[in-house]
Every structure is written in structure tokens, then in C-alpha cells.
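Here's what TrEMBL has on this protein:
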TRANSMEM  25-47  transmembrane segment
TRANSMEM  54-71  transmembrane segment
TRANSMEM  77-103  transmembrane segment
TRANSMEM  115-135  transmembrane segment
TRANSMEM  178-200  transmembrane segment
TRANSMEM  221-248  transmembrane segment
TRANSMEM  295-315  transmembrane segment
TRANSMEM  321-339  transmembrane segment
TRANSMEM  351-371  transmembrane segment
TRANSMEM  377-400  transmembrane segment
Amino acid sequence: GMSIAVLGPTFPNLAANVGKNVSDIYYIFVGRSLGYLGGSVIGGVLFDCMNASLLLALSMVATTVGLYGIPWCKDSLLLTALMSVIGGSMGILDTGGNVLALNTWGAEAGPHMQALHFSFAVGAFVAPILAKMALGGSESKELPVVEKTNQSVLKSVPTASAASATPALQDHLEEDFLWSYVVIGTYLLLVSLFLFVLYSKGSSARDKSKTSLQKDKLAKYHCALIGLLFIFFLFYVGAEVTYGSYVFTYAVVFAEMKESEAAALNSVFWGTFAACRGLAIFGAAFLYPGTMITLSLAASAVSSSALAFFAHYRASLWGGTAVYGASMASVFPSGISWIEQYTVVEGKSASLFVVGAALGEMCIPDVVGYLQGRFHHIPVVMYAAFVSSVMTVVLFPVMYKLATSPRENDLKEVSDIETQKALLSNSRLTEDEE
């Protein structure tokens, strides 16, 4: 969470570091996303053939190397390569974390899965604060006489020319800029040491998972279930990222809010998201994953409907945003815990879930941005939230029907039991007659 979220607040400094404007290095996001997709696919294969603790530890070391190298990177292509490395290791970590949690706790993985995904939200929340602490002092020194307007702020974004004009200030800025990446990289390195210790002590998570796979059975429609859940996560994560990315713009353009008020609305969405993801840890101890998904989808349907058709009312906009953020919190971890109850979730299956989420995060915001540019007077983001909610509400009952379909072996076992009962009842009647 920290290693992904730190990019946003330090993005202008990265641009200045490689001598580019902010608008000229957008492709580093593409590099990280492609690396994430590749890492998710590769991780799914590797987790089925090597020790999970070792692979997670190596992935965290790779992330550390990338974070340590970014502040010293003076070339945009090298920066993109480092971002791809970090994205790839993040894809492996996301896939492996879910698989390892299922292999470790099995049917009781619900609260642990919620805690795993809550930790991501905490990291994403902490990283901007850490970056702000590192860069706050230098930014205040850099802009002592600049008027606080949107245009002046945009003009004051560090660029190559600004860096050359004030070398002493830029050196101080780079030291603070370096500090935030070093802290996060060091933290990841320490965590990787714990995983190396687990591996050195003969952690047999992979052997245990093999044994469990031999005992468990695939669902009758295993491939269809995995494919539908792939689509389900694509719409869910895509809607989550899209709304979080565009709600500020919607509030300013359509709701005619001040920027401070629009920022507060954006914070409400992510705040309720993080808070309810934390509460879901305790909720998973008492509720079945299917129940949590049903409640979340119902709240998502109601809130997205209010946002799509009644957002012109301020109360509906604020309330709908809060409920929509809360409804998004537990769906992804609950979905993985739910599918594990009905079929075997291997590394390759988990990688498909992560890839589906990544594709939704990449594609749906782009489509919404394109449509919003074509249709200026239509609140595309609100209708996108509603359509995505409808898709997930339709998909889940279909998945539930496929997951609960009895397998042929189960039908044979039931018929054998019924035959035995019939024979026993017939034998008792014969004894009474005799």
C-alpha cells in the first residue's frame, strides 16, 4: 500500500529528477501497470511450484531495490523500468498473499483475509502523510512569495528549468524526497527478513497446500466460476478506482463545489472505505463471506442509484458517497474467501482474480475519462458506478447457482445413502413380520 501510494504526492519531484514536466512522464504509470499484470500472471505460476514464503520475501526485496533506486534515477526510461519492477513485485505479492492466507487458515481465513486487505488501505493512507512530512518543509521554502492560486501552483511544479535555477534548494528537496522512499524501502526489507526466517525454519506451507488440494474437490463448474469471478472483480475494482479518481472533478464541475469541499467529499469516500474494511475484520468472524457480499452489493446498488439519479441533491451526494465507499470495502477479500468454500483456489486462479482487478483499474477509468470528454454535460462517472453495480448484482447470483450445483460424485453418494436407508428399512419390516 505504501509503495504504491507514495508515487502520487512525489510525482512532481520524480518529474524534476529526470528533467521532465509532469505531463511528459505519464508512461511510468503504464509501466507499473504492465509490470503488475505480468507479476500477477507469473506469481500465479510460481506459487504452484515453489515455497510461498521464499517467493514473497524475494518479491519484497525486489520492491526494496526499486524504491531505493528511484530517487537517484535521472533517466525517464530507467525510471519506467524501476516502476515496472515494483509493479511486478506488487502483482506477485497480491497474488501470493491471498493464496498464502487461504492455505494457512483454510475455511477460517475470512477475518485474516479482511485484515490482509485492510493493511493495504492503511499503507495507502500512511504513504501520502509520510511524503507530505518529507516534502512539506522544502515546499514552504520554495514558494514563499507565490500567490496561492491554482495557476500559480501549477506553474510552481518543479521542472528541469526550475531545478537548474535553484540548485541549492533542489539539493535540499532531493534529500527530503529521498527520505520517504528510503523509509518505505527499509520497512519492506525488514518484513522480508521475517519471511526469510520462516523459509529457513522449514515453512511447509506449500506441502500443506498440496495435501489440502488432494483432499478438496473442484466445483462442478470450476472454470466458469473462476471466469465469472474474474469479470466480477474487473467491474468491482474498476468502479472503486473510477469513483475515487473522478468524484473530485464531478463535485467541482457538476455540483459546483469549492475545491476544499470537493476534496472533503473525496476524503469521505476513501475514509468510509478504509474504516469499513477495518470493521470487516470483526464482521468476518460472525458472518459468512456470502452474507457479507450480499450486504455489500445491496448497499452498493442503493447508493449508486442515489448517485446516478439524485446526486443533484447535496444530501444524496454526500450520503451516497459515504455508503458507496463503505459498500466497496469488503467485497474483494470476501469474494476470495467465498469462492474458496466451493472450489480449490490455486496460485493460477488467484492470479486471474488479481489480473481481473488490475484490468478493471486500468480500463474502466480510461473509458469513463474518454466518454466524459466526449459528453461534457453528462455525469458519466455516476452512471458508470450504477452500471458496474448492476453488473456485480447480476453476476453474484449466477456464481452462487454454479457454486452450489451438486457434483456427480455427490449425487452418487446421496443415492447410495438413500439405497442403504431403504435396505435397512426393508430389513426391519421383514424382522417385524417374522
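Each position is counted from 1, following the chain as shown.
Every residue, even glycine, has its Cβ placed from backbone N, Cα and C.
Small disclaimer: the values here were computed from a predicted structure and weren't measured.
With a cut-off of 8 Å on Cβ pairs spaced 6 or more residues apart, the transmembrane segment (54-71) and the transmembrane segment (377-400) reach fewer than 3 such pairs and are scored as not touching. Sequence-distant contacts of the transmembrane segment (115-135) (same chain, six or more residues past either end, CB-CB distance under 8 Å): 1-6, 8-10, 13, 97-98, 101, 173, 176-177, 179-180, 183-184, 270, 273-274, 277-278, 280-281, 332-333. Within the same chain, residues 33, 36-37, 40-41, 43-45, 91, 94-95, 98, 226, 229-239, 241-242, 245-246, 332, 335-336, 378, 380-381, 384, 388 sit at least 6 positions outside the transmembrane segment (351-371) and bring their C-beta atoms closer than 8 Å to a C-beta of that stretch. The transmembrane segment (377-400) makes no contact with the transmembrane segment (77-103), as judged by fewer than three Cβ pairs under 8 Å among residues 6 or more apart in sequence. Note: the stretches the transmembrane segment (77-103) and the transmembrane segment (25-47) are in contact (3+ CB pairs below 8 A, sequence gap of 6 or more).
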